[in-house]
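Working notes, structure below.
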Amino acid sequence: MSPLLEVTDLAVTFRTDGDPVTAVRGISYRVEPGEVVAMVGESGSGKSAAAMAVVGLLPEYAQVRGSVRLQGTELLGLADNAMSRFRGKAIGTVFQDPMSALTPVYTVGDQIAEAIEVHQPRVGKKAARRRAVELLDLVGISQPQRRSRAFPHELSGGERQRVVIAIAIANDPDLLICDEPTTALDVTVQAQILDVLKAARDVTGAGVLIITHDLGVVAEFADRALVMYAGRVVESAGVNDLYRDRRMPYTVGLLGSVPRLDAAQGTRLVPIPGAPPSLAGLAPGCPFAPRCPLVIDECLTAEPELLDVATDHRAACIRTELVTGRSAADIYRVKTEARPAALGDASVVVRVRHLVKTYRLAKGVVLRRAIGEVRAVDGISLELRQGRTLGIVGESGSGKSTTLHEILELAAPQSGSIEVLGTDVATLGTAERRSLRRDIQVVFQDPVASLDPRLPVFDLIAEPLQANGFGKNETHARVAELLDIVGLRHGDASRYPAEFSGGQKQRIGIARALALQPKILALDEPVSALDVSIQAGIINLLLDLQEQFGLSYLFVSHDLSVVKHLAHQVAVMLAGTVVEQGDSEEVFGNPKHEYTRRLLGAVPQPDPARRG
């Protein structure tokens, strides 16, 4: 039986002003009918370029070589009008950002119907509209008849992604290509979208190629996985074999860096040191060698081939025998055990009582009038203790970020009270508020947006010091000390943010936040924008800083696995209220509220054995 999709020696090169960049370097794989194959790897590994080459959606300046056969038909080299007969009919595509995949000026029903009419001209408009409603029902949109008349902006993010899936399966495709289909979604919505994709596969019988960096999604959904690094496949196997008996040190590192719900608070992860190589002019040898804990001289001379190491299991490594049976912590020589917390009651550094924050709803353009209000935070009470972490979790719109902003405002709330370091913020004068701000600093979600690209690292870190009267010598000494603390080199002080990886940028943001020796750090989704291998290093750094300096963390996140590693106490928010809070081990291990149980049940676990 011939495969549904057969890719052979696929290479993708992008012409640039400098050296050409070969983003995909001779990969080969196949997808059988009804099979789910996952491409996984860090950002820049070439997985999205490899997938978009299959469907012919790369930019014009991309050079594609090799062979891509769909049911025996060669797709590479087809003219665009010929390729368009495959797109949307034989091949359905689900993109990461549904808003960019949908036209804002047409209803979602019209957009699904259009996909049917383009590829099935004999189907009339009315029949296409009826089929569009059926597809909305299939992908789980409530009241599909009415919602088919909605515009994309009138739907939630999860609903928009369901519409994109409906368009992708509208013509019963043979192959579904899903490019990070759940990345931007809340955990419960992510679980629902995976269920919809499973249903779509079962209904259409399509093979699925899914691109993701989430190893939990791979374990939950995929049958086989291709691990990509520096533009090529470095390990491929069935998902059960890959997770149980991985043979490539890179795969070991990826799995070791994943936060887990079953880990104790304070457990260190296994980060992969360094960053992926530039694909413009790779050095000889194995591209992973500079980051590999098992590297030997032979690794630096020739790039290893992808060879069989077991039945249907291949790896590109000459040291696979040193990987078998060893943990990631052992291979990467990292101590992961949680360190015992100091005993005794710690003082309360942030106390929130009956906090309320409302936003007025207004109607009209010229003569606006109030028509109601939204209670973004509805009477919540929280406590953060010295040297501890309070995790505030919940889905988008739950009120967790609003709560954090109200605390950081250091001003009288609409209702209720906020105490920071024993002071009621409603009583603060201008000078007292400025002084207190030194003790509570923020690390933002997006390290790129929080750093001025025009300033070198030294100026970025020195800015709060200079604003608070530090002298020149004192500032230089403190910046050098902060670079040491967050694991950067002194020479990095003269470089600019654009020269650093995402994880290094976040370390710069943390160094800046620590400059004035605060007692409290507010962490607003500090690792959600990072690859899992980089995220692990930041989580370890935050744990080490808390242990070293006795910092207190207010940690806002939608990622329950990350919260489990960091938080001593957890508050679960829903619709502006705290529905459950307490010790993190108790809340995660024995949740009492149905919403908490639903959140925990939706988290994809990096263990195929737990697959439902």
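Any Cβ shown, glycine's included, is placed from N, Cα and C.
Among the features that Swiss-Prot reports, domain 'ABC transporter 1' is placed at 5-255.
Residues or ranges marked as ATP 1 binding site by Swiss-Prot: Ser43, Gly44, Ser45, Gly46, Lys47, Ser48, Ala49, Tyr61, Gln96, His213, Arg495, Glu499, Gly503. Shown in sequence order, Val12, Ala23, Val24, Leu58, Ala62 are the residues of the chain, 6+ apart in sequence, with a C-beta less than 8 angstroms from the C-beta of Ala49 (ATP 1 binding site).
Annotated ATP 2 binding site per Swiss-Prot: Arg147, Gly158, Glu159, Ser396, Gly397, Ser398, Gly399, Lys400, Ser401, Thr402, Gln445, His558, in sequence order. Here the Cβ of Arg147 (ATP 2 binding site) has 20 other Cβ atoms within 10 Å, regardless of which shown protein chain they belong to.
Summarising the annotation, Swiss-Prot assigns [4Fe-4S] cluster binding site to Cys286, Cys292, Cys299, Cys317. Taking a C-beta cut-off of under 8 Å and a sequence gap of six or more, Cys286 ([4Fe-4S] cluster binding site) has these contacts in its own chain: Cys292, Val295, Cys299, Leu300, Glu303, Pro304, Ala316, Cys317.
Under the heading domain 'ABC transporter 2', Swiss-Prot lists 350-600.
The Cα of Ser43 (ATP 1 binding site) lies closest to that of Gln445, out of the binding-site residues Arg147, Glu159, Gly397, Ser401, Gln445. With the fewest other C-beta atoms within 10 Å around its C-beta, Cys299 stands out among the binding-site residues Cys292, Cys299, Cys317.
If you compare every pair of Cα atoms in Ser43, Gly44, Ser45, Gly46, Lys47, Ser48, Ala49, Tyr61, Gln96, His213, Arg495, Glu499, Gly503, the residues listed for ATP 1, the longest distance is 32 angstrom. Confidence for the domain 'ABC transporter 1' (5-255), expressed as mean pLDDT, is 90.
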